[in-house]
Each structure stands twice: as C-alpha cells, then as structure tokens.
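The feature transmembrane segment is assigned by TrEMBL to 12-30, 37-55, 61-84, 96-117, 129-150.
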Amino acid sequence: MGFTAINAQGLSAPPYFLAFLISVTTPWLSDRYKQRGLMVAFLSIVGCVGFNLLATCEAVSLRYIGVWLAAGGVFPAVANILPWTMNNQGSDTRRGMGVIIFNAVGQCSPFLGSNIFPRSEGPRYVRGQAISAGFMAFNCMLALALRTLLVWENRKLDKRYGTLAERARQRDERGEQTVVAEENYGPDYIYEL
C-alpha cells in the first residue's frame, strides 16, 4: 500500500488483534448456539469480501478496510473449523485422525501462498488476492454443503433412534445412563451443525 516497513508493521497489528479477538469469541458463540457451519460460512464471506477489496480497489483506505475484513474472516474461520472437525468425530481415535488430516491438508496452503504472491506482481498482488477471495468463497460453499449433509445425517439418526428428546425420555423410563464417548452412529450420537 506504499507505507514504510515500520508503518506497515504498525498498521498491520490492529487487524491481527481484531482477528485474535474474533478467533476467541466466535468458537465460543458457535458452540453455545450449536451452529459451527453457519459461523464458518459467515466468516468465510467476511474474508472473501476483504480479499475482493484488496484485489479490486486502488484507494488505500478501502484496501486497509480489506485487510481488516480479510484478517477478521480467514483466521477466525480456521479457528472455527478445527473444533467443528473434532466435534463431529465420535471417538478419541477419530478426533485424533481428523485433526491430523485437517492439519496435513491445511499445511499445504503455504506452498500455494508462496507461489500466488510473486514479487513481480507487487505491491497490489491482484492475482493472489483474487485467488484468496475465491478460496474463501469456496470455503463458504463447503461449510454450507457440509452443514446440509450433517442435517441430513442427523435426520437419518433421528429416524433410526428417535430424536434426542425421545431418546432421553426412553432412557429415563428404563433407568439407563447416558453413554459417554459414543461412537458415530450410536443411539446417543448427533452431528454438530
């Protein structure tokens, strides 16, 4: 954006601090309201808008707003995807493997990132910003598609075992205890949306 190195560092700190605050707040909110997929989709849209501003605008003020939106969308989206991955695994083994796969795939992004922002395209890096916006839009679509799939899977579980309320009532009538660490597809398991 044309700032000196020290000014650029100073101006980049506030958006990253906002991203930190959002990364701490949104996983708590999405867990409280049991809507991780919608939160990931929303944050992905915010990041997409930010990267679009960075790719298309020439005014420094609009590009700086884009930095705030991009940082406030992309980093908190990742902070919400990781617990969503873990919440939808029915055992410790599955949670562990889910985290490994998530991180293995996620760590491929620096390879792409280092190649879509070549020094020759600076200082605006339009292609890199546009590709980043596209990936955030794709992330939003994936989150909504996965959420739709999980709603469908939960309906199948409800048909097979009854709703959570029905299951709890039946357990109370029989005097049974709730099973902890139930594997996926068990009578007490439900996917986190």
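Cβ coordinates are placed from backbone N, Cα and C, and glycine is handled just like the others.
Just so you know, TrEMBL annotations never went through curation; they're auto-generated.
In terms of C-beta pairs under 8 Å, the stretch of 12-30, 37-55, 61-84 lying closest in packing to the transmembrane segment (129-150) is 37-55. Using a Cβ-Cβ cut-off under 8 Å and counting only residues 6 or more beyond its ends in the same chain, the transmembrane segment (37-55) has close neighbours at 22, 26-27, 29-30, 62-63, 65-74, 76-77, 80-81, 84, 124-126, 129-130, 132-133, 136-137, 139-140, 143-144, 146-147, 150, 193.
With a threshold of 8 Å between CB atoms, the same-chain residues lying at least 6 positions outside the transmembrane segment (61-84) that come near it are 1, 11-12, 14-16, 18-20, 22-24, 26-27, 30-31, 36-37, 39-40, 43-54, 99, 102, 106, 129, 132, 136, 139, 143, 192. Sequence-distant contacts of the transmembrane segment (96-117) (same chain, six or more residues past either end, CB-CB distance under 8 Å): 78, 81-82, 85-86, 88-89, 125, 127-128, 131-132.
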